[in-house]
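Copied over from TrEMBL:
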REGION    1-63  region 'Disordered'
COMPBIAS  12-23  compositional bias 'Polar residues'
COMPBIAS  36-52  compositional bias 'Basic and acidic residues'
DOMAIN    57-117  domain 'Homeobox'
DNA_BIND  59-118  DNA-binding region
């Protein structure tokens, strides 16, 4: 019996990894497998890879350094209400010269800090 594509023998061999279709047998990655390994190693050592693994920050916007006056106003607003509404967020953003996204993120982070402090106090 002939061992053409999709014959029982061919399927048995291909499931064991010993046979490949003729159209794919001649194809290999450009530059060979060594080049492929080198590209993968370069990808792992790229700056963005550390952030994915859990070591560093993603490249992009630098960390916001809030002034003392900004922090004082944010803390005052947080003492009044832990969850900020849309209108208060817009007001604070305008007064403090920050984006609404920065205000929202600050409140999220501050709530987590508050939660840690209350859990540690128990």
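Keep in mind that glycine also has a Cβ here, set from the backbone N, Cα and C atoms.
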Which residue counts does DSSP yield for the DNA-binding region (59-118) in the helix, strand and coil classes, in that order? 43 helix, 0 strand, 17 coil
I'm checking region-level scores; what's the whole-number mean pLDDT for the domain 'Homeobox' (57-117)? 94
